[in-house]
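Visitor: Residues annotated as disulfide bond in Swiss-Prot: 97-334, 446-461, 485-499, 523-537. Per Swiss-Prot, domain 'Ricin B-type lectin' is recorded for 433-549. Look at Swiss-Prot and you will find 50, 389, 428, 464, 469, 552 tagged as N-linked glycosylation site. According to Swiss-Prot, the region 'Catalytic subdomain B' annotation covers 280-342. The feature topological domain 'Cytoplasmic' is assigned by Swiss-Prot to 1-6, with sequence analysis given as support. Per Swiss-Prot, transmembrane segment is recorded for 7-29, and the stated evidence type is sequence analysis.
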């Protein structure tokens, strides 16, 4: 049976798919209306219509394909191939949004260049994004579409015939004058955006991710918002595309901000702010999955620090640059876009070497702190002490640009951009402990992340290993490398995921008397260096006793975190 399944997979990969591509190339001259939108060789008509959840049983001979797709794409890629490229979506806007009329012919509301950066995307998801874009965006609201392939290197994107197919398909069915740039080497999100922006012709730029689906009326509110006031960056509400069923799910309106560790937080809107919905509201932290911005302004602020490399840098620096140049970030509830955001744990698997990711993010944060935060950097280093030992590199150019723009102090950012958020713990709380997490039995062994197994293990302690520098934070999670948290798996083994600050399996307490680390009702225990798990608490069990380097007992006691 396994041999048969393997033969079927090979036939599809090397015979069916190439033949399908060849047929598509032959049919590219036909009208889209007569073909009903290239369903794809595996799609099921009607599946996922109106953004509904899709359910299909996976045949036994396709289990391997299903599993491998999950491991790489971080969502149900097997199902994604079976949902038509063109599907309807629900209109989840407030009823008042649907009645609004925008002066789209005014001189102030300029059309945009729409820019998409992608790398190693699943073809059907990318094409579904593009179809939803062109079919739900009036042509007079944008003058060009720029697609930048940041040196994709998976099987499909490495094949010349596949690139020909993609380019021809886009020009025939998406936009006849779309500009497609296939970069010869990977440059990263920030540089790819800057490159595309330098090529753009419109007075406004709209950047979009490759894993989104657009709803009716998404673009007009964004362009209207940036037309009303100069130096405005506008973002939509990002709804959720479920990674298992691809269902379109409504998100509630929230406000982005940064805490003292420069970690992004989503906090509820105040009652006063909610009473003014669905009108736009200002936020402190931008989400760059979809955003609109005046082109000249973006060019002015795009080259602050060319040495930042992705992974948490783009959104953080852009938020600061907007504030520095007298701008504002505005969330627009009348604009809604579905976003396929995989679970954090799966997201980690895709990028592999977590140690390098942690080093990269730490260096990014160090550069941003040294350039932007001024007198308050000591407060931030208190939450990120491991950054003190990291080299930030040459900062002459970003500091020069910072001074040229006459940026105000970081205190002004806190006071001006985050008013009314003082009730949020992130702004004024102190963490409970930081440093190494060691076993009392083997005090030279420290809790460390294993990027390959997705588990945690014990390794010889090192002051230079950023993946051993833990913080028991004010929100009672145990985090490392800025935004990675220890998490209890359903099988009670200890793993990790990106922090969500919502408790649950990421909630931790420390008992300084018994030296036990507790998550909910169970205690952290080890049997050897590779086996760390949660078990019934036993104060007499030496393998449940842990040491945290720097414990703030007074804060623990005042917060009643001590058990």
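Cβ atoms are placed via backbone N, Cα and C, with glycine included.
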Visitor: Residue counts in helix (H, G, I), strand (E, B) and coil for the domain 'Ricin B-type lectin' (433-549), per DSSP?
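Guide: Across the domain 'Ricin B-type lectin' (433-549), DSSP assigns the residues as follows: 9 helix, 60 strand, 48 coil.
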Visitor: Select the closest residue to residue 97 (disulfide bond) from the following recorded positions, measuring between CA atoms: 461, 469, 499, 537.
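Guide: Smallest Cα separation from residue 97 (disulfide bond) among 461, 469, 499, 537: 499.
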Visitor: Out of the recorded positions listed (50, 537, 552), which are within 10 Å of residue 389 (N-linked glycosylation site), Cα to Cα?
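Guide: Final answer: none.
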Visitor: Say we define neighbours as other CB atoms within 10 Å of the CB. Which of the disulfide-bonded residues 334, 446, 461, 499, 523 has the fewest?
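Guide: Among the disulfide-bonded residues 334, 446, 461, 499, 523, the sparsest Cβ neighbourhood within 10 Å belongs to 461.
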Visitor: Using a Cβ cut-off under 8 Å and a sequence separation of 6 or more, which residues in the same chain sit near residue 464 (N-linked glycosylation site)?
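Guide: Spatial neighbours, sequence-distant, of residue 464 (N-linked glycosylation site): 389.
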Visitor: To the nearest whole angstrom, state the Cα distance for the pair residue 499 (disulfide bond) and residue 446 (disulfide bond).
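Guide: Counting only the Cα atoms, the answer is 20 Å.
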Visitor: Roughly how many Å separate the Cα of residue 552 (N-linked glycosylation site) from that of residue 469 (N-linked glycosylation site), to the nearest whole number?
Guide: 16
Visitor: Sort the residues of the region 'Catalytic subdomain B' (280-342) into helix, strand and coil with DSSP and give the three counts.
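Guide: Helix/strand/coil tally for the region 'Catalytic subdomain B' (280-342): 19 helix, 20 strand, 24 coil.
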Visitor: Using a 10 Å radius around each Cβ and counting other Cβ atoms from all shown chains, which of the glycosylation sites 469, 552 yields the largest count?
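Guide: Compared across 469, 552, the most Cβ atoms within 10 Å surround 469.
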Visitor: Using a Cβ-Cβ cut-off under 8 angstroms and a sequence gap of six or more, which residues of the chain neighbour residue 50 (N-linked glycosylation site)?
Guide: 87, 88, 89, 90
Visitor: Would you find the one among the disulfide-bonded residues 97, 485, 537 whose Cβ has the most company, meaning other Cβ atoms within 10 Å?
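Guide: Answer returned by the neighbour count: 485.
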Visitor: For residue 389 (N-linked glycosylation site), list the number of other Cβ atoms lying within 10 Å of its Cβ atom.
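Guide: Its Cβ shell of radius 10 Å holds 12 other Cβ atoms.
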Visitor: Given residue 469 (N-linked glycosylation site) and residue 446 (disulfide bond), what distance in Å do their CA atoms have, once rounded to a whole number?
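Guide: Cα-Cα, rounded: 9 Å.
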